[in-house]
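Please see the structure below; I have some questions.
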Amino acid sequence: TNTPEQDRYLQAEKYIEFYVIVDNRMYRYYNYDKPAIKIRVYEMINAVNTKFRPLKIHIALIGLEIWSNEDKFEVKPAASVTLKSFREWRQTVLLPRKRNDNAQLLTGINLNGTAVGIAYPGSLCTQRSVFVVQDYNRRMSLVASTMTHELGHNLGIHHDEASCICIPGPCIMLKKRTAPAFQFSSCSIRDYQEYLLRDRPQCILNKPLSTDIVSPAICGNYFVEEGEECDCGSPAACQSACCDAATCKFNGAGAECRAAKHDCDLPELCTGQSAECPTDSLQRNGHPCQNNQGYCYNGKCPTLTNQCIALLGPHFTVSPKGCFDLNMRGDDGSFCRMEDGTKIPCAAKDVKCGRLYCTEKNTMSCLIPPNPDGIMAEPGTKCGDGMVCSKGQCVDVQTAY
């Protein structure tokens, strides 16, 4: 089991400031069409983000570089050689110029063997936080699956064993895939959490500024980008009561975001300045409730009848006043309060604030709910018009709170 601090770290939203290089071969393959390449990369990033959402990671594209003149280092078919060259180029050239958490080389070269991608495992926030993916198929979703897979390796996730499952499949970390992968398996999530707690990568905890993002804003990707006030996902998935998921704008001030649950609760309204509903607030203590049968106390409406029903069941109600007069005796079970270990009898006006008496409906008995010390009337219970129980006495509701 994890410590609370470990759980906080795992639950924290994480952001990968992501830099993509498109090499010269890929540029030529797409007929020197930079706008088309950009759209393709933006679509890939969006697809990758959808896959990483359950892991609480957002991929923020903070740089896209297309090598339209020539490659800045030699891109070779040997995947491991190109990965090493890319790592060195990022370290010496890219990082001094543009800080990033992770960089990807998207290449048009045909990598040796069956490989379409390669990554350093468990390397985020280090000098080895890079991976290479071959743009091997016109289907964007297939290449985006490979991007997700290789970035998964950077995040300490291993290939899935035969016992790892995800429904619907196929799983992202399968060694061989023919169809676009759907989601991470339970094995992948376990690997990722173990990696996080072992290596504690810190660079993914800071949230990039919306002005740093180079991809166009997408309403519904859970990330507040330029022109958006909030982003809580799709309208079906949105959990933020004061964010309009369709427009990514705050709901107007005064829109009800949480209805009153009962008459001792208050409705909450959006402020117009936040995506979240304000903290749940309660009706003030002493406010009449349940058709004047009680007065609100800490968000509840305590009455003697409700106490009897809660303890004994729906066939019971509060006893007639004659039963409560027994509380003036001050003996074993019938008293108002304790002082220094002594049971203090009730004054006549306080009898309904002492021991609780219940009656089965249509009978005249003075029943005491089973408890060796007797059950006392709850604080805040109505004991007369404008009167409530406080510390075993029946006092004016105005002075009680």
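Cβ from N, Cα, C; glycine included.
Values in this document were obtained by computation on a predicted structure and should not be read as measured data.
Just lifted these from Swiss-Prot, have a look:
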DOMAIN    14-208  domain 'Peptidase M12B'
BINDING   E17, D101, C203, N206  Ca(2+) 1 binding site
CARBOHYD  N112  N-linked glycosylation site
ACT_SITE  E150  active site
DISULFID  C164-C187  disulfide bond
DISULFID  C166-C171  disulfide bond
DOMAIN    216-285  domain 'Disintegrin'
BINDING   I218, N221, F223, E225, E228, D231  Ca(2+) 2 binding site
DISULFID  C219-C248  disulfide bond
DISULFID  C230-C243  disulfide bond
DISULFID  C232-C238  disulfide bond
DISULFID  C257-C277  disulfide bond
DISULFID  C264-C296  disulfide bond
BINDING   D265, L266, E268, D280  Ca(2+) 3 binding site
DISULFID  C289-C301  disulfide bond
DISULFID  C308-C358  disulfide bond
DISULFID  C323-C366  disulfide bond
DISULFID  C336-C346  disulfide bond
DISULFID  C353-C389  disulfide bond
Where among the recorded positions C203, C358 do you find the Cβ with the fewest other Cβ atoms within 10 Å?
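Result for the recorded positions C203, C358: minimum number of other Cβ atoms within 10 Å at C203.
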Look at the recorded positions E150, D265, D280 and tell me which residue has the greatest number of other C-beta atoms within 10 angstroms of its C-beta.
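Of the recorded positions E150, D265, D280, the highest Cβ count within 10 Å belongs to E150.
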When DSSP is mapped onto helix/strand/coil, what comes out for C164 (disulfide bond)?
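DSSP call for C164 (disulfide bond): coil, neither helix nor strand.
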If I take the alpha carbons of C289 (disulfide bond) and D265 (Ca(2+) 3 binding site), what is the distance between them in whole Å?
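So the alpha carbons of C289 (disulfide bond) and D265 (Ca(2+) 3 binding site) sit roughly 10 Å from each other.
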Would you kindly give the Cα-Cα distance separating C308 (disulfide bond) and D280 (Ca(2+) 3 binding site), rounded to the nearest Å?
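The separation of the Cα atoms works out to 28 Å.
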Which state, by DSSP, holds N206 (Ca(2+) 1 binding site): helix, strand or coil?
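N206 (Ca(2+) 1 binding site) sits in coil per DSSP, no helix or strand.
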Applying the rule Cβ within 8 Å of the centroid of the Cβ atoms of E17, D101, C203, N206, what extra residues of the same chain belong around the Ca(2+) 1 site?
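Not counting the recorded site residues, we get Y15, I16, R99, N100, C125, I204, L205, P208.
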Limited to the domain 'Peptidase M12B' (14-208), I'd like the whole-number average of pLDDT.
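Value for the domain 'Peptidase M12B' (14-208), mean pLDDT as a whole number: 96.
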Select the closest residue to D265 (Ca(2+) 3 binding site) from the following recorded positions, measuring between CA atoms: E225, E228, D231, C232, C301.
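Minimum Cα distance from D265 (Ca(2+) 3 binding site) across E225, E228, D231, C232, C301 lands on C301.
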Roughly how many angstrom lie between the C-alpha atoms of F223 (Ca(2+) 2 binding site) and C277 (disulfide bond)?
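Spelling it out, the Cα of F223 (Ca(2+) 2 binding site) and the Cα of C277 (disulfide bond) are 19 Å apart.
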Can you name the residues of this chain that are 6 or more positions from E228 (Ca(2+) 2 binding site) yet have a C-beta less than 8 Å from its C-beta?
S210, A217, C219, C248, K249
Cβ distance under 8 Å to C296 (disulfide bond), same chain, sequence separation 6 or more: which residues?
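In sequence order, D263, C264, L282, Q283, R284, N285, G286, H287, P288, C289, G380 meet the Cβ cut-off.
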My understanding is the cutoff is Cβ-Cβ under 8 Å with a sequence separation of 6 or more in the same chain; which residues meet that for C243 (disulfide bond)?
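Same-chain residues close to C243 (disulfide bond) (Cβ under 8 Å, separated by 6 or more) are E229, C230, D231, C232, K249, F250, N251, A275.
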